[in-house]
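Below: one structure in structure tokens.
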Ligand code: PNW
């Protein structure tokens, strides 16, 4: 399909950002009193990550943060979303804060502000302090209270200079990849525990939001980033496939959006999981603690999900793109089959479908009227390699970004209040169970030397950030 020639222009206040997370980029895992998180333990367990790779060094952002901020400024980005390593700030997950840990983030924030880049802090991007996992992890109720204490510490330390806050990143991954399919840390495969984890993550979000509000100036904004799935039926006219959509939509979206945006778990979710759990760990007052005003909602989007009712013959190994495991990340959904979505694919095997992003934005515009939206992650992995001249050309990534940013622009034209977009990711980095083999960065990292080289997509995106307009892809 030829690209449109007419320029696609965004509102002038639109934030053009990039996103990262602590364990994926920082390295320096034993510095400044930091103790292991569940991702240190998991990545050091044989067989858990591709090639046994770990975040021990990652891209050494802990030592190179000044250069990384300078690079963002040079590209022309106006915002940066990063996460804080809980075990750098509170090594055992409880008790007093470590000043060295907080100081690192304060220096990073000051560097960003000096460069005119607006910071957005994610408090939790999957790296639970190992000691809290040893005490039961997210299936244990106390973890939510520990999170609130941690939120208070960070809010007090950085609330004077960081305006945009995100409590949790993609709790779906924490709960269901961490405790059901086990492809993420801590690698447990316990369906009931994964549902408890989901509830306690919701509770952590609620208690954490209150703690942040008490610790920070009222002008600051508190949000959560959800990997809200766009779930589609294989046969739109087949009621059994539509029931499969409902089930997966509840387990992917409703389990978080229900309590957070509406103060209740969906009835259909409670019914679909009733043979596994009676949800008795949802205590009086929990839903009130979870359901409270938010200032914004973060949406992470990569690809849609295609499902049907499973006849017995197609049950079993899944093609849902959530990693290889004999255990499903979808508790109570053994009667659902997952299908490869049509379209070109990225290196993750995820199909490219910008219409899904438009659909997602319009859905939350309707479900959470008046709530500003941010695309807190969107991007693509490709097998990037430097040319003989040392440059990295990634036209596929430019086309991906162009397509998805155009979808965002269309949603704005359709009445959605989307305030910004954070490309995943600033740098190539540790892609969890896939190690370093999947490159999501707009900036190429040579892992032998840790040298950073902006790919052509970074230059294209920087131009969009500086001009508020998407250059047609054929010029690049
Ligand atoms: C998100 N899934 O991860 C994360 O927030 C990032 O840290 C990550 O690097 C990025 O997307 C790319 O993968 C996901 O299986 C991991 O559905 C897995 C899934 C979704 C998101």
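Cβ coordinates are placed from backbone N, Cα and C, and glycine is handled just like the others.
Quick paste of what TrEMBL says about this protein:
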type: BINDING; residues: 24, 125, 169, 302, 424, 431, 432; note: substrate binding site
type: ACT_SITE; residues: 170; note: active site, proton donor
type: ACT_SITE; residues: 377; note: active site, nucleophile
Other than its own, how many Cβ atoms are within 10 Å of the Cβ belonging to residue 431 (substrate binding site)?
20
Need the DSSP three-state call for residue 377 (active site, nucleophile) to compare against my parser.
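SS state of residue 377 (active site, nucleophile) = strand.
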Going along the chain, which residues six or more apart from residue 302 (substrate binding site) have their CB under 8 A from its CB?
227, 348, 350, 377, 378, 379, 380
What does the structure give for the C-alpha distance between residue 24 (substrate binding site) and residue 170 (active site, proton donor)? Integer Å is fine.
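Between the Cα atoms of residue 24 (substrate binding site) and residue 170 (active site, proton donor), the distance comes to 15 Å.
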Given a separation of at least six residues and a C-beta threshold under 8 Å, show me what packs close to residue 169 (substrate binding site) in the same chain.
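Non-local contacts for residue 169 (substrate binding site): 21, 83, 122, 124, 125, 126, 225, 300, 376.
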When a 10 Å sphere is centred on the Cβ of residue 432 (substrate binding site), how many other Cβ atoms does it contain?
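Taking every protein chain into account, the count is 25.
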If I restrict to non-local contacts, at least six residues apart, and a C-beta distance under 8 angstroms, what lies near the residue listed as 'active site, proton donor' in its own chain?
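The list for the residue listed as 'active site, proton donor' reads 126, 225, 226, 227, 300, given in order along the sequence.
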For residue 424 (substrate binding site), list the number of other Cβ atoms lying within 10 Å of its Cβ atom.
24
Near the Cβ of residue 24 (substrate binding site), how many other Cβ atoms are there if near means within 10 Å?
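Its Cβ has 27 other Cβ atoms within 10 Å.
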Please give the maximum pairwise Cα distance, in Å and rounded to a whole number, for the substrate-binding set 24, 125, 169, 302, 424, 431, 432.
18
Taking DSSP three-state, what's residue 432 (substrate binding site) in: helix, strand or coil?
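Assignment for residue 432 (substrate binding site) reads helix.
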